[in-house]
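Record features (Swiss-Prot):
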- 14-34: transmembrane segment (TRANSMEM)
- 75-95: transmembrane segment (TRANSMEM)
- 158-178: transmembrane segment (TRANSMEM)
- 306-326: transmembrane segment (TRANSMEM)
- 336-356: transmembrane segment (TRANSMEM)
- 377-397: transmembrane segment (TRANSMEM)
- 421-441: transmembrane segment (TRANSMEM)
Amino acid sequence: MDIASKVEGFPTLGILYYTSTLLAVCTYAALIIISIPKTGPASLVRYSSPAIVLTVGKQLFHASYGVSGSLAHRSLTLALTALFILQCCNFLVLTRLDAKDLAKKNIFQDSDHMIYKAYRVVCLIFNVRGIGTPWQAKHLCGFPRFYQRGKGRGPTPIWFILRQSLIVAWQCLLLDIIYTTSMSTPKEDTLKLFGEGTEYMYLDANAEQWTGRFIAGIIAWVIPGRVSIDLPHRVLSIISVFLGFSSPQQWPPLFGSMLDAYTIRGFWSTFWHSYCRWTLTTISSFICRDFLRLPRPSIVERYLNIAFVFLGSAVVHMAIDSFCWGPPMKTKLPTLAFFGSLVVGIIIEDTIQALCRRITGEKRRDGDDGVPVWHKLVGYIWVSFWFMMTSPWYLYHNSRLPPDDTWLVPVSFVDTFGLDTATMLLFGSGVILKFAIGIEV
């Protein structure tokens with residue numbers, strides 16, 4: 001798809017409708033949160049509000065389908081929409097936050113005007129990682145050492161915007177090359193590697209199909225998957241800081257280092273983005289502790305909590321897939337199986353680590369300190385193996401989508417200057433950025 005067709009088909013009205021509706025439903029939830037008590041007759045309005053929020057959320061899902069012609073853009077928009085809607089419901093009926101609670105947490109002051117209070121609650125709903133609040137997600141990656149050069153103790157707006165802009169340009173070039181390369185692959189080769197049913201081939205898979213598993217299980221996560229989610233986050237941070245809506249300190253890196261992904265647990269808790277963590281852990285904690293009343297701490301509560309988090313993530317991703325891909329809708333059980341397998345993988349690795357500690361008498365380590373290199377190497381092999389076995393269940397469908405649905409950036413440098421030139425520029429600029437501004441790995 002060329003840029004002219006993308007510009008002609010730019011859904012301005014659809015984006016305005018989606019944005020205004022999202023702001024309206026979040027503002028409605030915020031007003032209920034700060035004005036309706038948690039108990040008493042009036043609380044019925046609070047506890048019935050999720051029905052309205054979820055109904056509008058369904059309409060937002062339909063509206064967000066037309067926000068972009070790119071699967072990656074639609075998927076991220078739908079994912080964030082789902083999280084915003086679920087967060088509204090969390091605040092209303094699960095954590096049951098009210099004006100007093102939020103004042104105690106320094107979200108606003110009791111003396112603030114109601115309009116400002118509503119604004120702060122809407123910002124909290126959009127702040128799905130809880131940055132700068134008591135609910136901030138654990139294991140967030142700190143700011144790069146680049147910002148500590150000289151006498152600096154943190155990012156200044158100018159350096160933050162400059163660094164983010166350079167990385168965004170480099171990421172756009174990377175995604176452009178990936179898309180162009182994938183489109184140049186003959187259709188028969190794509191079908192051979194990622195065709196219907198190949199995700200379930202193991203013993204009878206040939207070397208080329210195992211290469212496809214390596215691409216889907218490892219490369220797809222750490223390069224295009226990571227970058228396609230990270231790029232919009234950086235763009236939003238540039239706009240927000242440039243317009244003065246927020247400070248650079250409110251935009252820590254979205255992803256951690258891939259070097260920390262030597263366990264499945266570490267992959268999701270330390271390396272991968274934490275967009276879903278606050279929302280889904282709130283729901284899982286409510287089910288395990290308030291509804292099922294499981295003792296805490298206990299093994300059952302710990303792993304059932306993890307299971308409900310990944311189940312919630314699976315449900316969100318299945319809903320996204322249904323709206324992104326459109327009819328005819330195929331079964332989404334492979335997606336459910338993939339996210340469920342992660343729970344099994346975490347239980348396996350926790351069990352093996354516990355047995356090793358019992359045999360050797362070694363104490364459990366907190367964090368990354370003191371982990372031997374050979375432990376990490378074994379861990380990388382383990383995580384790679386598990387993702388190669390299970391990721392195709394979830395990711396192979398993307399490779400079967402039509403080309404017009406899989407573009408990643410609106411302007412193609414490759415189409416203008418050629419793939420060879422773009423590739424040389426990518427590697428050359430990547431080395432420069434690594435040493436000049438400390439681009440993350």
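We number each residue from 1, going along the chain as drawn.
Cβ atoms are placed via backbone N, Cα and C, with glycine included.
Tertiary proximity for the transmembrane segment (421-441) is limited to same-chain residues at least six positions away from its ends with a CB under 8 Å from its CB atoms, namely 141, 144-146, 163, 166-167, 170, 173-174, 176-177, 180, 253, 255, 257-259, 413-414. Tertiary neighbourhood of the transmembrane segment (75-95): same-chain residues 18, 22, 25-26, 29, 32-33, 46-47, 49-50, 53-54, 56-57, 60-61, 64-65, 67-68, 121, 124-126, 128, 228-229, 232, 275-276, 278-280, 282-283, 286, 316-317, 319-320, 323-324, selected by CB-CB distance under 8 Å and a gap of 6+ residues from either end. Counting same-chain residues at least six beyond the ends of the transmembrane segment (306-326), those with a Cβ under 8 angstroms from any Cβ of the stretch are 61-62, 64-65, 71, 74-75, 78-79, 82-83, 86, 276-277, 279-281, 283-284, 287-288, 332, 335-336, 338-340, 342-343, 346, 394, 397, 401.
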